[in-house]
Amino acid sequence: MTNKKELKDVQVKGKKVLVRVDFNVPMKDGQVTDDNRIIAALPTIKYLIAQEAKVILFSHLGKVKTADDLEKRDMAPVAKVLEQKLGQPVKFINAFEGKQLEEAINEMHNKEVILFQNTRFADIINSNGQISVDSEGKAAAKRESKNDSALGKYWASLGDVFVNDAFGTAHRAHASNVGIAENITESCLGFLVEKEVKMLSQCVDNPVKPFVAIIGGAKVSDKIGVIEHLLTKADKILIGGGMAYTFFAAQGHKIGNSLLEVDKVEIAKTFLAKGQGKIILPIDALEAPEFADVPAKVTTGFDIDDGYMGLDIGPKTIELFKKELADAKTVTWNGPMGVFEFKNYSIGTKAVCEAIAELKGAFTLIGGGDSAAAAIQLGYKDKFTHISTGGGASLEYMEGKPLPGIEAVQSK
């Protein structure tokens, strides 16, 4: 997947460059509350300006399910933040198709930047410009999310070159990534996506051994594909979080009132048989009588007491996991070890985060989501080789699945 055309392989001077960015940022009362994704896109945008391109940016913002979302998911506030971060004007076009957008693009000069309206407005507005909803008032047009061929061709017709710099949607085949890439003469990856692909590839496809994967989070069902694929790649897989109790149940241990996916016990048994010696489970836990931030009780072994639930890995497990990590040269971590939101049950996640951060000479990658939030919150952001920006996309890459948004881009 790393043989894709990159931004520096393409001549962009004077060209209209369509850039699919990921500006799907959190909003509150019409204000952007976290601008990290906007900042992450700046290197690609600044490079295109320096190369004297005409820069046409677009992104989705949240899900557009009802007509009310047209107001809530407006990109105008994002344009203002981008303008501040970029230090030059960003012209916002309140349209995602039509004459207003076409005229604005045709009037552009080199080095100018425009951002057009939320691509997912095309999920509720049909090709006649009418709001299209079903009997329940839910979006029915679905032109963006179902990769409508006419919309992909239309957007492609607005530019000369397409740059996909939105890793967060790389696992989706939408009109604004796959649709454009398939209908334009030249396409490439932006700097952000290029880095993500290189880092994930280095971790999963060509790891320096020993390769240790740490998988946590609440559910086995969310990580089945990841565990399956990593069993063929990793030397060890350390399992924590709520999902560990389904594995314990598969081994016949008592799990009290802990989280259990009954329908996944057989899969857990299969993994344990396949991954003999590879899968390392916790050897103790922190348990509580309720799902609350109450003082923890440490179990003496695998079994959870009746009337209790396991909410974090225990001290012996922390030492075991540290020992398993000590010689690792490649580490990927995806999912917390316990209920990280509860102070009493955030100890395991913090300890694992610290243990990875302190490894010398290892390639360390966090697969986005809660683990990334934990590392950033603990101040370890710069101690990891890479923290992925795409939760779902990085998970699917770790499952060994092709990512449509990247596959559609031209090869070198």
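Every residue gets a Cβ built from N, Cα and C, even glycine.
What you see is a predicted model, and the numbers here were worked out from it, not measured in a lab.
When Cβ atoms from all protein chains are considered, those within 10 Å of Arg120 (substrate binding site) total 27, not counting its own. Residues or ranges marked as substrate binding site by Swiss-Prot on the basis of sequence analysis: Asp22, Phe23, Asn24, Arg37, His60, Leu61, Gly62, Lys63, Arg120, Arg172.
Glu341 (ATP binding site) carries neither a helix nor a strand DSSP state and counts as coil. Glu341 (ATP binding site): 10 other CB atoms within 10 A of its CB, across all protein chains. The feature ATP binding site is assigned by Swiss-Prot to Lys223, Gly310, Glu341, Gly368, Gly369, Asp370, Ser371, with sequence analysis given as support.
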Report task. Provide the number of Cβ atoms within 10 Å of the Cβ of Gly369 (ATP binding site), excluding the reference atom itself. Result -> 19
**Report entry** Residue among the binding-site residues His60, Lys223 whose Cβ has the most other Cβ atoms within 10 Å
**Finding:** His60
Report summary line: Asn24 (substrate binding site) sits from Asp370 (ATP binding site) (Cα to Cα, rounded, in Å) at a distance of 17
Requested in this report: Express in Å, rounded to the nearest integer, the largest CA to CA distance found among the substrate-binding residues Asp22, Phe23, Asn24, Arg37, His60, Leu61, Gly62, Lys63, Arg120, Arg172 named in the record.
Outcome: 18
Query raised in the report: Hey, does DSSP put Asn24 (substrate binding site) in a helix, a strand, or just coil?
Result: coil
